[in-house]
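Student: One structure follows; several queries about it will come next.
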Amino acid sequence: MSEQKRMLRRRMLDLRESLSPEQVRRESLAVCERLVRHPVFKEGETILFYFPFRKEVDVRPAMEEAWSAGKRVVLPKADPATKSLSFFSLRRGEPLVSGSYGIPEPSGKASAKIPPGAIDLVVVPGVAFDERGYRLGYGGGYYDRFFSRHPGPFKRIGVAYSFQVVPTVCPEEHDQRLDGLITPSKTLSF
Ligand SMILES: Nc1nc2c(c(=O)[nH]1)N(C=O)[C@@H](CNc1ccc(C(=O)N[C@@H](CCC(=O)O)C(=O)O)cc1)CN2
Ligand SMILES: Nc1ncnc2c1ncn2[C@@H]1O[C@H](COP(=O)(O)OP(=O)(O)OP(=O)(O)O)[C@@H](O)[C@H]1O
């Protein structure tokens with residue numbers, strides 16, 4: 001991986017760490033308001049979210065809205081051995097367990113497993129995003145691998161603080177593009 005990418009990741013994570021809890025709350029709410037008004041969200045029945053950790057955009061208000069609207073809320077489970085994700089639906093109030101990297105994850109009951117083909121929308125976390133729809137993550141390649149194996153039928157929509165949108169994330173051959181990006185003040189499509 002390029003030195004440029006590593007430096008951008010470090011810089012963006014430092015900036016994110018400096019957000020106050022109040023900023024995280026306010027900006028996340030603004031992102032969620034846009035997200036739930038998005039046609040793909042409104043039309044989707046099965047939505048893959050992520051469980052926010054550290055100071056990632058908190059998408060839990062949108063998860064609540066999805067449950068209220070009768071949609072299926074899905075979370076990823078990361079397998080560090082294969083660097084792959086699997087997906088499990090989550091009921092409102094259902095407890096999560098601490099997974100790899102300390103991120104809360106569904107317990108992984110076989111009956112809750114969701115095949116990628118059943119997902120309508122993926123809400124994509126990231127460290128930085130660019131104006132062409134590329135993203136920079138934590139460097140695990142989890143979402144890149146998932147998207148290259150399963151190009152659809154779902155839409156991929158990134159969520160970001162405004163400062164996380166940069167001119168370029170220096171994409172490499174394997175980097176997968178998003179269909180859209182939502183910030184507190186903009187809804188972009190690519
Ligand atoms: N909330 C959330 N859940 C998610 C992701 C995400 O970005 N956000 N993922 C998106 O992929 C997957 C988990 N991927 C991750 C990959 C690396 C690290 C991480 O902390 N890496 C260390 C590097 C050292 C190491 O490999 O242990 C680091 O950044 O300090 C965290 C999550 C699945 N679940
Ligand atoms: N489709 C793929 N198949 C195999 N390896 C891949 C694939 N996509 C990415 N990788 C590998 O994963 C590693 C991490 O990629 P990258 O730095 O782009 O991750 P990221 O997008 O920042 O992380 P994440 O998707 O987990 O948030 C790279 O070494 C890359 O070669």
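Here, residue 1 is simply the first one shown, and the rest follow in order.
Backbone N, Cα and C define each Cβ position, glycine as well.
TrEMBL does not curate its annotations; it predicts them automatically.
Dumping what TrEMBL says about this protein:
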- Lys5, Arg6, Met7, Leu8, Arg9, Arg135, Leu136, Gly137, Tyr138, Gly139, Gly140, Gly141, Tyr142, Tyr143: ATP binding site (BINDING)
- Glu56: substrate binding site (BINDING)
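Tell me about the surroundings of these features in the structure.
Tutor: Residues near Tyr138 (ATP binding site) in space but far in sequence (CB under 8 A, at least 6 apart, same chain), listed by position: Arg9, Val127.
DSSP classifies Glu56 (substrate binding site) as coil under the three-state reduction.
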Student: Do any residues at least six apart in sequence from Lys5 (ATP binding site), in the same chain, have a Cβ closer than 8 Å to its Cβ, and if so which, in order?
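Tutor: Those within reach of Lys5 (ATP binding site), by Cβ under 8 Å and sequence separation of 6 or more, are Leu136, Val169, Cys170, Glu172.
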Student: For Glu56 (substrate binding site) and Gly140 (ATP binding site), what Cα-Cα distance in Å is obtained after rounding to a whole number?
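Tutor: So the Cα of Gly140 (ATP binding site) lies 16 Å away from that of Glu56 (substrate binding site).
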Student: If we count other C-beta atoms within 10 Å, could you say which of the binding-site residues Met7, Leu136 has the fewest?
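Tutor: With the binding-site residues Met7, Leu136, fewest surrounding Cβ atoms within 10 Å: Met7.
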Student: Where ligand 1 binds, which of the binding-site residues Arg9, Leu136, Tyr142 are close by, with Cβ under 6 Å?
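Tutor: Close enough to ligand 1 are Tyr142.
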